[in-house]
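Notes for the one structure printed next.
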Amino acid sequence: AYSAFGQGSVVMSQVFLGTAFIFLASDEAGCVDDQDEIDQDCDNRVYGFYPATVVTNISAMAGLLAAIFMPFMGALVDYTSFRKQMGIIVIIPTILIQAVQIATSADTWFIMGILQAIGLALLEIHYFLTVSYLPDLARSPQVDHETMSKFSEGFLGLQFTGQLIYLVVVVAASFALDLDTVETAQLGQLLGTLWATVCYTGAWRKFPKTTKQRHALASKHSSLFLAGFRQNWKTCVRIHQQSKALQWFFIFVCFMEAGTSAIIPVAVTYLSRVMDFDGTQIGLAFVCALVGSIPGALFGGWMSRIWNPLYSLKLNGLANIVITTVGTVVLVEQNDALGYIWGFLWGFVLCWFYSSEQIFYSLSMPAGQDTELSGFFVFCTIVLTWLPPLIFSVVVESGIEERWGLTALVVCQVLGFLALLGIPAWNQVLDGAKKSLLLDIHDDDVGDQNTDAAISNAPVAAADLPVKL
């Protein structure tokens, strides 16, 4: 609960800091006029890049770092007893980076951008480490699936509440104090640092210390760094061989989660550069997105009940493609109302997607194997997060109009939708969930002889995992 509430501020701080990076990069490139307005026709570069790609370059770098190190972190969770120690080691520099970035200015923005890439990668790793505690919680005899679902709803509610409170406070303070873009970012980092310090300190004081490893390496000469990659590869092969539904679902997750994770860096860049929004206006657009997320989550659950989650995901995929594509046509000049409306629409379809995705996962997992696949599911949500920001940067660096950078999101949305078409009919998916997969993916189990039985009875599902934004 502490971690979910704290994550909201750290995630949303990207909104204000990213806007400041774009302004400061444009200023250093000589693309800011005497009224402190960015010249949209300026084609000067800074450090070899257009200022418009600064934020997306940072996000692409962070996504690559997270994807590379995530399997290693998974191996640390499975093959060592240092999970809590690693969580603390990861979160300390994350908070320190937040604190250092309070000093973001015209002289320091470039090094702060590098630190931002490292900080975002660490945040992804920290998210994975906190989620790894959920299977242990689920194995408790006092916890059933209904209890875990309530926990999940509480975690999700706290995360969105944290994001909304943080955005409202920073935007209100910016209005009241008449702050400019850089000053708003500095305020956002100050509040985020204090917020994260309190919440994450409370979280890691509560997380239990792991006393024994879950599994043992095949031999003392086996590489811990490569163990996670081998484990993921074996899981991919087994799923491909045994379940067409899960194969296409996990492919869908890889692309759609990449697209949703890229909304913050792409939207910040787009609203700043194309629609000439300042930090406060962009913050308001994201407040509208969070407001839209509430009916979106409810609508996703309703659609999944009256039809089924597969149908809901397909309709959501089409809605995502249409809203983003139309956005490239209508969001072409400064228009506050349109920016806020599209923020609401993106928030609506985003949480519609999360709601339906979680229901699909929880109902489609083979009986008793939710826990074994939950880590792989989290990995799939992270592995391609670098792709949409990279596409956006390539589009802009190629000299194409910045508004067409939104195609970075459309590409992932289309590929995700095509993956959905490969999933069999919903009744076949449910039939497949009654059969167990042969997922002998670890070298050797250690500890209690009843571990496998405990795992097979653990009620963890994607619906029990907090949403990552």
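Using N, Cα and C of the backbone, Cβ positions are placed for all residues, glycine too.
Residues or ranges marked as transmembrane segment in TrEMBL: 58-79, 109-134, 155-175, 187-204, 248-270, 282-303, 315-332, 338-355, 376-396, 408-426.
Packing against the transmembrane segment (338-355) from elsewhere in the chain are residues 256, 260, 263, 267, 271, 275, 277, 281, 284-301, 303-304, 312-313, 316, 319-320, 323, 327, 330-331, 467, 469: each is 6 or more residues past its ends and has a CB under 8 Å from a CB in it. Within its own chain, the transmembrane segment (408-426) is flanked in space by residues 56, 244-245, 247-249, 251-252, 255-256, 258-259, 262-263, 266, 308-311, 313-314, 317-318, 320-321, 324-325, 328, 384, 387-392, 395, 432, which lie at least six positions past its ends and keep a Cβ under 8 Å from the stretch. The transmembrane segment (109-134) is not in contact with the transmembrane segment (248-270), judged by fewer than 3 CB-CB distances under 8 Å for residue pairs 6 or more apart in sequence. Here the listed stretches are 58-79, 187-204, 315-332, 376-396, and the one with the most C-beta pairs under 8 angstroms to the transmembrane segment (248-270) is 376-396.
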